[in-house]
Amino acid sequence: MSKEGLRKRKGEVNGQEDGSSIQSHEPQTTQLQKQVGLISGICMIVGTIIGSGIFVSPKSVLANTGAVGPCLITWAACGILATLGALCFAELGTMITKSGGEYPYLMEAFGPIPAFLFSWASLLVIKPSSFAIICLSFAEYASAPFFSDCDPPQVVTKCLAAAVIVIITIVNSLSVKLGSYLQNFLTAAKMIIVTIIIVSGIVLLAQGRTENFESSFKDSTISVSSIGLAFYNGLWAYDGWNQLNYITEELKNPYRNLPLAIIIGIPLVTVCYVLMNISYFTVMTSTELLQSQAVAVTFGDRVLYPASWIVPLFVAFSTIGAANGTCFTAGRLVYVAAREGHMLKVLSYISVKHLTPAPAIMFYGVVAIIYIIPGDIDTLINYFSFAVWIFYGLTVFALIVMRFTRKELRRPIRVPIIIPVIVTLVAILLVLAPIISAPELAYLYCVLFILSGLIVYVLFVHFKFNWPQKISKPITMHLQMLLEVVPAEEVTE
């Protein structure tokens, strides 16, 4: 398609928004389009956060707190921390209106090296491992009914997880609207089962099922390390609170919709999580909950029989929704990193027909499939949680730094400075707690891998060794013909 035809099809370049915030300066003709509204933004947050964790393994928090009372307090505190972190990201996202989440914020605050290390760790560890974890959880849930007498074979779960990754990758490569509509539908589906569990629990409480809440703090095992590990597991279930910052360039009226989606979405998830845990405790003692393989299924078997089959069905919808939201946002990180010259150039191309970063999304899906082959869920969670909180803390610290170094930037949202200070300190605790309480080589390997990005940066970004670009040139040419993708700078204003 000619440049003129592309202009006619997509319209002339719009003017810049007023203000001095840092924005993407790409021409409108090849820019990701603003197609995500407030409702879709809320659904993106809720749908990405609520995955398999709250349905399958809230027992991890209980195991580290030892009693019902501290367990419920931990779930609420994790929600508060996620909200505080998201408010910090809202200030960053309205001050620097570029897609890519933490990447552009680290770039502006600390320069290219920390930003590159984030993209290096995220593209090869954090994001694909999260995608793989969610899809493996879906595969185990979906295949369990067919293997009632034993655990599903690994080959079955891994093939099913890979198939889900392929389907979600294709959907998000074809259309932003299709990905958003799928997210909205799956979020509605998971909210149905959340509502069923919560309402059932309220009815049971009204009927007097309160015996499991008596002496709620008895036998609690509270210590610095146990609190840290309890937060570690609880915050895994809340992960996704920063997802809208990855698609800021596609969010309609981000100055309004980004903070509104955060203020509505994350507290809604927090209330749901606390009420769901209360519902679980109405029918299970602490011991029974710890022994359950899938808490929501146990709840369904005891309360919803003979309609208990709806629980695994809707939990499957929930995990697919979380996977879809993760894929939708993470593909934008690949795109932005490549646009800055920190990844292969082909990954910064945009589909002319669909206006999606199709090569970046496909790359992300391929890496996630690679993680499925040798990995198990527990190992992937260890890598993910440890690495992600290093960069969460660094990004929130960047907000504090830019309060003093970039005073000229417009800040439509300005959170009290105490909030990013608290989030930064908690992030440090969350990184150090598992190392102190249960040191494992996996954490050392993760740090070494992140630091190995320095070698890659020096060779291929600083000294600009371009042989990877030359090797990938035939692939780029084939992708341009097959997917109708073009580089962002090909069309000029």
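Cβ coordinates are placed from backbone N, Cα and C, and glycine is handled just like the others.
Residues or ranges marked as compositional bias 'Basic residues' in TrEMBL: 1-10.
If you look up TrEMBL, you'll see 17-29 marked as compositional bias 'Polar residues'.
If you look up TrEMBL, you'll see 1-29 marked as region 'Disordered'.
The transmembrane segment annotation in TrEMBL covers 36-55 (among others). The list of residues near the transmembrane segment (36-55) in space but at least 6 beyond its ends in sequence, with Cβ under 8 angstroms from a Cβ of it, reads 82, 134, 137-138, 141, 176, 180, 183-184, 186-188, 190-191, 193-194, 236-241, 243-244, 247, 250-252, 256-258, 260-262, 264-266, 268-269, 272-273, 276, 294-296, 311, 315, 318-319, 321-326, 328-329.
Per TrEMBL, the feature transmembrane segment maps to 67-92 (among others). Taking Cβ pairs closer than 8 Å, the transmembrane segment (67-92) reaches residues 49, 58, 61, 101, 105, 212-213, 216-222, 227, 230-231, 234-235, 237-238, 241-242, 245, 258-259, 262-263, 266-267, 269-271, 273-274, 277-278, 281, 286, 392, 395-396, 398-399, 411, 413-415, 419-420, 422-423, 426 in its own chain, all 6 or more past its ends.
Long-range neighbours of the transmembrane segment (113-139) within the same chain, counting only residues 6 or more positions beyond its ends whose Cβ lies under 8 Å from a Cβ of the stretch, are 51-52, 56, 102-104, 106-107, 152, 156-158, 160-162, 164-165, 239, 316, 319-320, 322-323, 326-327, 330, 333-334, 337, 340, 342-343, 364-365, 367-372, 375-377, 380-381, 383-384, 387-388, 390-391, 394-395, 446, 449-451, 453-454, 456-457, 461. If you look up TrEMBL, you'll see 113-139 (among others) marked as transmembrane segment.
Among the features that TrEMBL reports, transmembrane segment is placed at 155-176 (among others). For the transmembrane segment (155-176), the list of distant contacts is 32-33, 35-36, 131-132, 135-136, 138-140, 142-143, 147, 182, 250, 320, 323-324, 327-328, 331, 351, 354-356, 358, 361-362, 364-365, 368-369, 372-373, 483: same-chain residues at least six beyond its ends, Cβ to Cβ under 8 Å.
Among the features that TrEMBL reports, transmembrane segment is placed at 188-208 (among others).
As annotated by TrEMBL, transmembrane segment applies to 220-238 (among others).
Annotation comment: TrEMBL describes 258-281 (among others) as transmembrane segment.
Sequence annotations record features per position, and here TrEMBL assigns transmembrane segment to 309-335 (among others).
For 355-374 (among others), the entry in TrEMBL reads transmembrane segment. Residues 10, 32-33, 123-124, 127-129, 131-132, 135-136, 158, 161-162, 165-166, 168-169, 172-176, 327, 330-332, 334-335, 338, 346-349, 380, 479, 483, 485 of the same chain lie 6 or more positions beyond the ends of the transmembrane segment (355-374) yet place their CB under 8 Å from a CB of it.
The annotation transmembrane segment is assigned in TrEMBL to 380-401 (among others). Non-local neighbours of the transmembrane segment (380-401) in the same chain are 85, 88-89, 91-92, 102, 105-106, 108-110, 114, 118, 121-122, 125-126, 129-130, 132-133, 136, 232, 235-236, 239, 242, 371, 417, 420-421, 423-424, 427-428, 430-431, 434, 440, 442-443, 446, 450; each lies 6+ residues outside the stretch with a CB under 8 Å from one of its CB atoms.
Taken from TrEMBL, the feature transmembrane segment covers 413-436 (among others). Residues 81, 84-85, 87-88, 90-91, 94, 224-225, 227-229, 231-232, 235, 255, 259, 385-386, 389-390, 392-393, 396-397, 399-400, 403, 443 of the same chain lie 6 or more positions beyond the ends of the transmembrane segment (413-436) yet place their CB under 8 Å from a CB of it.
Sequence-distant contacts of the transmembrane segment (442-463) (same chain, at least 6 residues past either end, Cβ-Cβ under 8 Å): 112-113, 116-117, 120-121, 124-125, 341-342, 379, 382-383, 386-387, 390, 434-435. Look at TrEMBL and you will find 442-463 (among others) tagged as transmembrane segment.
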